[in-house]
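Participant: Sequence annotations record features per position, and here TrEMBL assigns domain 'Amino acid permease/ SLC12A' to 85-538. Summarising the annotation, TrEMBL assigns transmembrane segment to 86-103, 109-133, 167-189, 195-213, 225-246, 266-285, 313-334, 370-391, 412-433, 439-462, 483-507, 519-535.
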Amino acid sequence: MKNETEVVAEEFELSSVYAEPPPAFDSKDESKVVVDTDINEITAFQSHESGESDISKTEEKPTGLYGKIFGQKENKTVNGLSSRHVTFIALGGTIGTGVFLSLGQGITIVGPMGCFTCFIIVGIFVYSVVICLGEMASYIPSSGAFAHYGSRFVDDSFGFALGINYYLQWAFSIPSELTAAAIIIQFWAPHIGSWVWAIVIIVPMFFLQLISVKTYGETEYWLAIIKVFFVVAFIIIGLFYDWGAMNGLKNAVPSPGLSNLKNGQAWVGGFSGFFQVVVLCFYSYGGTELVALTSGETAKPWKSIPSAVRATVWRIMIFLVMTVFVIGLCINYKDDRLLKAAYDSDVAQSPFTIVFEDAGFGAAKHVVNAILLTAVLSAVNACFFASSRMLMNMAHDKRMFSVFGLVNKRGVPIGALLLTFAISCLVFLTTIWGNAVVFTWFMNITGASAILTWMSIGFVSIRFRQALKVQGIPLTDLPLKQPLYPLLPILILVLGGFLFAGMGYASVKQDPFSWKNPFGTYLGVAVFAICYFGWKGWNYKTDKFVRSADADLISGRVWSPGQGPDYMAADKEAIEARIRANKDVNIWGKIAYYNFIAGRAVGAVYERVTTLPKLPKWSKKEE
């Protein structure tokens with residue numbers, strides 16, 4: 001006889017099959033759109049669950065030259081990423097070398113509380129961006145994410161410009177990370193040239209990308225875990241040191257307490273300094289949007305993307321904001337070592353190293369250097385993934401040469417990876433055999449890319465919601481709904497424009513003045529405009545603004561019209577059944593159960609608070 005726990009657990013396993021939506025369907029073949037679940041639909045879904053593409057199940061052999069070389073008939077990626085992969089990919093992409101070396105620079109410019117405030121403001125901005133993007137990515141998964149949505153809901157020119165802008169942002173970041181890697185390793189081996197270490201890093205990371213997307217996800221997962229544990233340890237040790245708990249150690253410096261926040265030291269730098277630090281904050285938060293970029297290769301995008309979006313944004317904000325707060329408490333903003341770490345990339349002067357050494361840990365610089373090396377490996381890994389997937393999706397959407405859309409049987413975009421590898425090597429060579437002027441201009445292109453990309457996401461989100469409204473698709477079909485609509489996308493556009501203007505003001509106010517400062521600040525905007533109007537002029541006959549009534553909300557979405565509420569409700573019931581079944585198994589089951597009950601109560605309150613009352617309708621012409 002089976003006990004009650006085993007019976008409920010078996011019911012959960014069976015119900016979970018029906019709790020999942022069927023695979024995405026194509027609007028071009030309406031005969032495939034069914035409401036009732038049949039045996040073919042379940043079979044197709046099970047292959048989707050296992051992470052295998054439908055093409056790998058077919059008995060028809062690949063044809064043509066591409067099929068002979070790559071082993072599959074069509075260019076399709078593989079759903080090899082799980083929810084934990086998605087979460088840690090975003091965490092790993094955000095906690096990079098800039099966090100470990102450059103955070104102290106912001107404190108020297110605007111003081112500890114000024115820098116703390118900047119990170120909170122930009123964090124709210126990033127939260128709005130990722131929630132808006134996650135709403136679209138969980139409903140219509142795509143490896144091209146916002147560039148793909150830009151073409152769907154705005155026009156092809158917008159999608160093309162956004163895709164090129166984002167590709168360059170990540171492709172040009174690889175040489176920057178290689179330069180940082182060479183400096184980090186030369187800390188231990190100063191007599192070996194930087195180009196040697198660059199090759200040692202970029203070649204293995206490139207071949208790692210060629211294996212499979214799951215290999216990339218696992219690698220990024222473990223590299224990110226190392227960084228996350230280190231940051232958590234830093235926050236805890238830093239707080240204990242500031243409170244005086246380390247004063248008894250042999251080499252410890254007396255704890256500062258709150259002295260660094262007194263006598264006008266908390267806020268310095270003025271208006272121009274504030275916007276200089278805002279730019280630094282954007283660099284630190286960059287990579288958070290990788291959550292959406294993984295949606296096209298995630299096994300359960302309707303589940304993993306919403307959970308990863310919610311978890312990732314708050315974790316990143318807590319890590320970055322708390323790290324800045326601890327550094328501001330422990331190190332005075334006038335300390336010359338903070339600037340040295342940023343400008344000289346000197347790990348011995350990193351704010352992390354300074355806090356650990358002041359707390360009495362003498363070997364801190366070697367530990368920080370090792371963690372920095374994992375940060376570089378993780379960043380290069382993320383750069384290859386983000387740039388290659390964006391280029392691949394543009395090729396699939398016929399906005400780039402088809403060779404860059406070639407995907408092997410393991411779902412790896414070979415053509416896009418090869419181009420990214422070649423560009424990265426060529427740009428890196430300019431730092432060795434040139435005077436670094438070319439490299440500086442390349443990096444200036446990416447300077448405003450993050451803000452420009454995130455502002456575009458806000459605009460695309462408005463177009464997406466408008467299309468849903470005009471076509472009569474209920475919001476209950478969305479796996480993730482942004483709260484307080486339309487406040488978040490409006491906040492993105494307004495705050496983004498304000499920050500853009502502030503960046504220009506800060507570049508003009510730099511002393512001594514140079515025309516290169518404002519030009520370099522907005523060079524990325526010029527590249528975006530050239531791509532947009534260039535594509536618009538080349539395709540002026542076919543590239544039209546997408547009306548809300550004509551926007552494609554069917555192809556590629558995760559379930560058939562009207563099925564969303566049923567599947568999500570069944571999924572919640574299945575999860576609740578599993579939690580209740582494990583409640584009396586052990587202490588962890590009890591913790592999970594009470595956490596579930598508390599989470600449900602908090603969720604109900606959150607839903608009530610974030611639901612705006614309906615406003616009176618304005619009379620306007622229907623599209």
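Just so it is clear, glycine is given a Cβ too, placed from its N, Cα and C backbone atoms.
Note that the coordinates shown come from a computational prediction; the quantities given were computed from them, not determined experimentally.
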Participant: Can you give the mean pLDDT for the domain 'Amino acid permease/ SLC12A' (85-538), rounded to a whole number?
Facilitator: 81
Participant: I'm a bit unsure how to read this: which one of 109-133, 167-189, 195-213, 225-246, 313-334 has the highest number of Cβ pairs shorter than 8 Å with the transmembrane segment (370-391)?
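Facilitator: It is 167-189, which has the most Cβ pairs under 8 Å.
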Participant: Where among 225-246, 313-334, 412-433, 483-507 do we find the most Cβ pairs under 8 Å to the transmembrane segment (109-133)?
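Facilitator: Of the candidates 225-246, 313-334, 412-433, 483-507, 313-334 scores highest.
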